[in-house]
Structures are given as C-alpha cells and as structure tokens.
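Peer 1: What TrEMBL records for A:G42, A:L43, A:D44, A:N45, A:A46, A:G47, A:K48, A:T49, A:G88, A:N144, A:K145, A:Q146, A:D147 is GTP binding site. The Mg(2+) binding site annotation in TrEMBL covers A:T49, A:T66.
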Amino acid sequence: MHTATGWHVLCHTVSQTWRGLLSILRKLKNAPDQEVRILLLGLDNAGKTTLLKQLASEDISHITPTQGFNIKSVQSQGFKLNLWDIGGQRKIRPYWRNYFENTDVLIYVIDSADRKRFEETGQELAELLDEEKLSGVPVLIFANKQDLLTAAPATEIAEGLNLHTIRDRVWQIQSCSALSGEGVQDGMNWVCKNMNAKKK
Amino acid sequence: MTYFRLVPLLWRRRRLRFECRRRLSDWRKNAGIVKTADCVINLFWQLFFGFHGLLLICLAIHYIQKMFLSIWHYLHTTFFRYWLKWLIRQVTGKCELQRIFHSFIQGATRAIKTEYSLEASKSKVLRDALQAKEDTVDNHITQIVKQKKIQLEKDAEFKVNLKVCLLQICGYKKLMKNVEDLRKQVFDSENDEHEALLMKLWKLLMPNVELDSRISKQWGDIGFQGDDPKTDFRGMGMLGLANLVFFSEHYPEVARQVLSHSNHPKLGYSYAIVGINLTEMAYSLLSSGALKPHFYNLVPGSPQLEHFQRFYSYLVYEFDKFWFQEEPESIMLFNQYREKFHEKVKRLLQQPSVLLVLTLDSEI
C-alpha cells in the first residue's frame, strides 16, 4: 500500500514535469495573448465572485463577501481576460468609478431571485450606462441564479430594466447559474465576439 | 539568477536583431520566398537569446530539478529510511517513537514527528492508530506496544506520551470535521436557533440600541452589507455567525473596541464582513493543517471547537491592529492587506514553538 502511494507520487511528478516542459514549448510557439480588461459589477450577493471563480475554474464553496476587489486572469479564445470583480456593497459602490478607465467589456451581474431589489439594481445599471468613461463599452448582463426556483427569467428582467432602450452600445442579456456554470460559457463567447473593435 | 542580470543587455540586442529580421522576412514575403528553415532558426534564436527563452529555460531547469528531488524522495521513503531506522534500532535498542519522545518535549515538534512516523510506517497497526477515536486510543496503544516489542518497565513514560500525541493528532482531525459540519450548515431564517443567534449577536455588540425590525438598515452599523445579514454568511455558513458571536461573548470589551475601530471615518471597514472573511482564513489554515503546531502546543489532548474559536478571536484582534498600523489608503485594498496578514500568520505558524493566543495590549 505504502510503496504504491510513493510510486504514484513519483509518476505524478514525472508527468507534471512533462506537462510543464510541453507547456513551455507551446508558449514558445504562440505569440503572447491580447489583453482585455473586463469589469464585473452588480449589487452585493449577486454572484460576482462565484462567477469569477467559476471562470477561473476555482473552488466556489468557500466564498465570502468581497471587501474591495478580486482580480483574476483567464485565457480564452486567444485572449487574456483580466477580470476585475469589485465588491457590490452599497458602502463601496462609490469606489466603482476608480476602475472604469480602459474597460473593454462591462459584465453586470443580477440576482434573478432577488425581486425586491430589481429596482435598486436597475438604478445602479442605469447610472453605470450614463458614465462617460464607460460610454460605448459593450455590456453583458448576467441574469444569475437561474438554478433557484424563484428566479425571474432573463426576458422578464430585460423588460423590467428597459434594456431595449440601450442604443449607444452593443448589449446582451444571458441567463446563467454561476453555481452550476450553466450559461456562463455562452456569455463569455459573446464577450469575446463583441469586445471593442480595436482589440481584434 | 545570473540570467536575469543579462536580461537588459540582451533585451536591447534582441530588439535590434528583431527589427532586422522583420525587415528581412518582410522582404522575403514580398519576394515570395519563405524558408522552412527560418522557422527552426527563429525558435532556436528565441530560446537562447530572447527574454522569454531565458525565462523558460529557467523554468525547465526548475521542473527537472523538481523531478530529481521527487525521485530522491521516493527512494528515501521506500528504501533508505527503513534501512537507516533498522540500523539505529539495532544500535540504540529503541524504536523511532521512543527516540522521538526522548528527544523532544511535549508540543508541536514531538506530535508532528510522531504523526509522520506513524504515517510512514510499514506496519498497519501503527498507521491505523492515526484513525483512533477518543475511546479506542488505549486499545491502539496496547497494540503498538506489542507490535514494537517495547519494554514498558524500561520506558514507563511511553504510554502516557503516546496517548497525548495520539489524542492531539486524532483530535485535530475530529475538530476539522466538526468545523466543516458547522460551516456546511446554511443560515436559515426559518430556523429559530439561527435567528436567535443572530439576535444575540446584535445584543452583544449593540446592548444599548434596539433593533427596529429583523430587516433593517441598522445591520450596517455592525458591518453587514445590506438590510438582511442572512445573505452575508455565504460559504462560511453558521461557522461565520458562531465565530462572530463567540468573539463578542468571550471578549466583549475587545469586540466593542474593534467594532468602534471599524467605524473609523478613514480607516474603517465592515466589522461583520471582515469577521466572516477572517473565519475563512482560520478555516483554511485549519484545513491545510497549518494550525497543527499551534494546537499541539496549546492543548495536551484533543483540541475543541472553543480552541478554534479562540484562534479566530486572535485573528480578529490582530487583524484590527495590523490594519491600523498599515493605514491602507482605502477599503478597496482590503484583499492585498488581508493577504499580507495571512502570510504573516502563516510565517508565525511555521515556528515550532508557536502559540497564537489573544493577549491584550496594556493600553486598553
């Protein structure tokens, strides 16, 4: 039993070494990726950090409320996505504007099951869309928490927030569950297709 | 490291050479000449002179080094260790456990060495002892004494020492399970116990202020995010709430002092949220085993939930001090400073004599 474990560890490390060397070769062949700055915003408890960790394929079971922000880089479709997840607590929303500069895509996350706060989240979104520094920036709205029975469908949220009145930029609403990962990839595909033209 | 000193020089040369190569390849493309050999040369060139190349060669050396280390580790654990142990046993007439107990006083070093010795043992009896429960410990000890043919008349302390170590090792595992169970309990507004605990937290922290209603903006005063704390416990579940209550109940003065600090106009932070965040820190330190030295030094038996919560209290008090010493520009830098604090605690926990207990500064 014991020798078997030792042997396994050895095999594992050797294979890791190979993988490491192979990844080096791969890196040599490919040019460095184009960097993209993506901002994740939304009310507290919308699921921004869960979404971030889901995108980075990290464990999502120990998440705590975000004080300040988290940042992660993810490789996707030849892009290096720098994702900024900013805390959504009311107290720190005034700080959001410090992160607007040079944003390529805005992802706005909504808790679809928290109907009581639809108005609040709509207001915050409207304010974001009025920001000069974010003018013309494509916006993806994630109607999150679709795994909950009480979640409102994306169409209902789009209607409630009057999304169809957005004319100054490309936008999309995508229903998803950051918990299960459903719909997240579809949203990110949209992001990669619609980021600012200069990046392509 | 010498590679890196060369980098600026090479970098300049590289840019020049790149420019030349680019022009050459442009010309070739225009002329319709593309050499396959070109690609190979390019790869070699990048590998040996480019900044990337140097970095990657260093990385490759690192990987290969790691592989050799692991081969050595494999040989050591499978062969050399046993030969050496056998030899020492023949010379001294003592088994490894006895030698550990004689060389180290009770505490982290002894318990950790015992744990490793049991884990790495070829004998199933010794490995099984690590799965002991509190009531089966004596049974396991008897079996080990028999297996290792230890003469108790020559080493009377052996049984007592082994028992303490086993209780510490197995108690840590049990504590991990208890903490995990508590963490997995989601805060549920329908559960009266959960609700009562939440109200208790309010009363402990704000004894002179009545809460208007269960859902109220006032929760923000003790550092929850919105009007209803139930969404703030998240991945820490009831463990987060239990810790907040424990700290306020057992260190009422300190808790109120920390709370008033957290309302500082410039350096303020959200008391409850940071508390839940620090619960995560304590939890991850426990799960990774980093807390072992602390508990092995603290309790000569199995550590209990209370000991874990006292460690949490230590973290809250120390983090508050750390935050005000560092004077961060704004709350947005929380995660950077949290990480710095985390590293500091981890470094402390690596010392064999570590004991992280909340001790008040005299100024309070």
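From the backbone N, Cα and C atoms, a Cβ is placed for every residue, glycine too.
Automatic, uncurated: that is what TrEMBL annotation is.
Source: prediction; values computed, not measured.
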Peer 1: Only counting partners 6 or more residues apart, tell me which same-chain residues put their Cβ under 8 Å from the Cβ of A:T49 (Mg(2+) binding site).
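Peer 2: Same-chain residues close to A:T49 (Mg(2+) binding site) (Cβ under 8 Å, separated by 6 or more) are A:I63, A:T66, A:N70, A:D85.
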Peer 1: Specify the count of other C-beta atoms within 10 Å of the C-beta of A:T66 (Mg(2+) binding site).
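Peer 2: I count 22 other Cβ atoms within 10 Å of it.
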Peer 1: Measure the Cβ-based neighbour count of A:A46 (GTP binding site), defined as the other Cβ atoms within 10 Å of its Cβ.
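Peer 2: The answer is 24.
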Peer 1: Just checking a number: largest C-alpha distance across A:G42, A:L43, A:D44, A:N45, A:A46, A:G47, A:K48, A:T49, A:G88, A:N144, A:K145, A:Q146, A:D147 for the GTP site, rounded to a whole Å.
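Peer 2: Roughly 21 Å, rounded to the nearest whole number.
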Peer 1: Taking CB atoms only, which of the binding-site residues A:G42, A:D44, A:A46, A:T49, A:D147 fall under 8 A from chain B?
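Peer 2: Listed binding-site residues meeting the cut-off: A:D44.
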Peer 1: Given a separation of at least six residues and a C-beta threshold under 8 Å, show me what packs close to A:K145 (GTP binding site) in the same chain.
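Peer 2: The list for A:K145 (GTP binding site) reads A:G47, A:D111, A:S112, A:A113, A:A151, A:S177, A:A178, A:L179, given in order along the sequence.
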Peer 1: Quick one: what's DSSP say for A:G88 (GTP binding site), helix, strand or coil?
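Peer 2: Reduced to three states, the DSSP call for A:G88 (GTP binding site) is coil.
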Peer 1: Under 8 Å between C-beta atoms and at least six apart in sequence, can you list the same-chain neighbours of A:D147 (GTP binding site), or say none if there are none?
Peer 2: A:S177, A:L179, A:S180, A:E182
Peer 1: With an 8 Å cut-off on Cβ-Cβ distance and a minimum sequence separation of at least 6, pull the same-chain contacts of A:G88 (GTP binding site), or say none.
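Peer 2: Long-range Cβ contacts: A:L41, A:G42, A:L43, A:D44, A:N45, A:A46, A:K48, A:T66.
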Peer 1: Could you tally the C-beta atoms, other than its own, that fall within 10 angstroms of the C-beta of A:K48 (GTP binding site)?
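Peer 2: By my count, 29.
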